[in-house]
């Protein structure tokens, strides 16, 4: 099931639970604006190449729109629409004053040189600079982009609007990026997991974890969980998968993954089939890679008692039903991976104030937001007698619906 269908389905279920009327429901679903631009650049060999860039701005009832920009060959409009909508609910669940957006350029960043990527980013920014802004739409990095991409966007935007560090987040520290931003999503996953386990009378120490995906989020989550005494018994990424039932040496694995561009070939564990990673015997499964990996094909074989969704929509709705019948507790993506956008908000706040925080303050504030978010989700679960996913969706949708009605926007 594709991302848009799944997201719309969750929205509809939440809307029913909240008793929203059909007009309001419709106006909450329709994106505020969809932008599509052609970006033509000279390549290093002198030839011209054209790429399509776009931005879906979903909702701004609660504040400026917020969401990543991805550089990827298959940038599918449906998926971007779904991810923009997901950002609307995610920022509302986190209770930060933003709406949702998402965008990208259909390109293969691996096939472009650094100077070609810079030209492409600057042309894209020239095309959309009057549609983004500190109080309009604040982009951030996503797949295939990073702090350097944000630096180029900031510089190009500032040529038109004067120095505006708050126009993007996830910037390099030297250009107004926030301390703690790099680890934020992974650290948020740690705090979310702690809150959930606490609810069940458990702690991270001694629990067995399996982590699918060892990019930024998976690697930070692994490091922080192992520092808290969690035992990580299997890890996978695009290069392969490794397992060690006594617990993987995470600092060693991080060093290996950096040197060899992946976990494959690490000697502190046995290689296993990456496809089997999700069904390994463990207490807590953390999918931190792509969407749709837990589906009706493998849901019956999952042995974990808890699933923490560090990736976006890793669990298909069909798998959701199978797992809830098995009594597996799923902490949904729109809460579990909101640490990144929460610290992006802190970065934006620091830029607007022109006053930067130390890392301890960033991490303490993040912990407060994640704990408060978990309590709010649980409250909605009690009110509507539903699971955590619907608790989070009803919380997010309700906050956006209230803001929409208060502004007098409902149709």
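Each position is counted from 1, following the chain as shown.
Even glycines carry a Cβ here, placed using N, Cα and C.
According to TrEMBL:
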- 102: active site, proton donor (ACT_SITE)
- 66, 90, 344: substrate binding site (BINDING)
- 185, 216: NAD(+) binding site (BINDING)
- 142: site 'Important for catalysis' (SITE)
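Distribution of TrEMBL features across the structure.
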residue : record                         : Cβ neighbours (10 Å)
66      : substrate binding site         : 28
90      : substrate binding site         : 27
102     : active site, proton donor      : 29
142     : site 'Important for catalysis' : 21
185     : NAD(+) binding site            : 25
216     : NAD(+) binding site            : 17
344     : substrate binding site         : 29
Residue 344 (substrate binding site) and the residue listed as 'active site, proton donor', distance between Cα atoms, whole Å: 15
Substrate site, defined by 66, 90, 344: further same-chain residues with Cβ within 8 Å of the Cβ centre: 67, 87, 91, 94, 96, 98, 100, 140, 338, 340, 341, 342, 345
By Cα-Cα distance, the member of recorded positions 66, 90, 142, 344 nearest residue 185 (NAD(+) binding site): 344
